[in-house]
């Protein structure tokens, strides 16, 4: 992270890279206190899970930056159709043209998790404080069951969006060696989640004595697993390709990397009802009479009521 900030020569890419790499220390920072003080684990786990959603968005944004943005997908992938396939997990979908609409829909699928996860986290803490949430308790009158089900749905949709985007744009992503990046990010996020869910099931089945022991096991495993994850990050997101002479860490680099202005703007752009036309690109060099490239999508705009 330090070296990326020191050689911040490609801010469009490195902003997202820094955020993704920070997933490793974030998981470690949250898991270690949970191991030391299991009674506080739910609070640390909530912070970790929210950052998990943040990583999914930033990985999608990084891939989109790699391919040159939605406009590049519209132009370079013109005529390409993602066909239904059992092997790719798209067997239940119709043929999908890889165009501006495809980009917008996959981004919406990823962004919904970023929006829903903090809400689920707040709801979890509220239910926990009122005694209606117990980790590993699958009873219908316990909030854990319903939050886990809903979390699974929104989580699966977000990860599936990443898969669809990769399948649709893998030719454009090829120069950036995306396979290791995809595998690493999905392994850390996906496997850590299912690991925790398996531990919760094992606890409820009696294979693990208490919920606290299950929480400790999950925290310990994450602390151990973050070491190989950190090593693989060096190969998946190398800083050497961004080296420039006289590189130094500046406040501007750090501010740019941690600013959330981009995700706020992106969320509004993706979901705002007033956006009839989804702007694919506009480089600012067009003449005023030439409109930017857009694609019309089905968005809802409330009409005026008639008296």
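A Cβ is built for glycine as well, from the same backbone N, Cα and C atoms used for every other residue.
In TrEMBL, the transmembrane segment annotation falls on 55-73 of the listed ranges 36-54, 55-73.
Same-chain neighbours of the transmembrane segment (16-35): 1, 4-5, 41, 44-45, 47-48, 51-52, 54-55, 58-59, 61-62, 65, 185, 188-189, 192, 215-216, 218-220, 222-223, 226, 229-230, 233, 237, 257-258, counting only residues six or more beyond its ends whose CB sits under 8 Å from a CB of the stretch. Long-range Cβ contacts of the transmembrane segment (55-73) within its own chain (Cβ-Cβ under 8 Å, at least 6 residues beyond either end) map to 12-13, 16-17, 19-20, 23, 98-100, 102-104, 106-107, 110-111, 113-114, 158-159, 161-162, 165-166, 168-169, 172-173, 176, 178, 181, 185, 189, 262-263, 266, 278, 280-281, 293.
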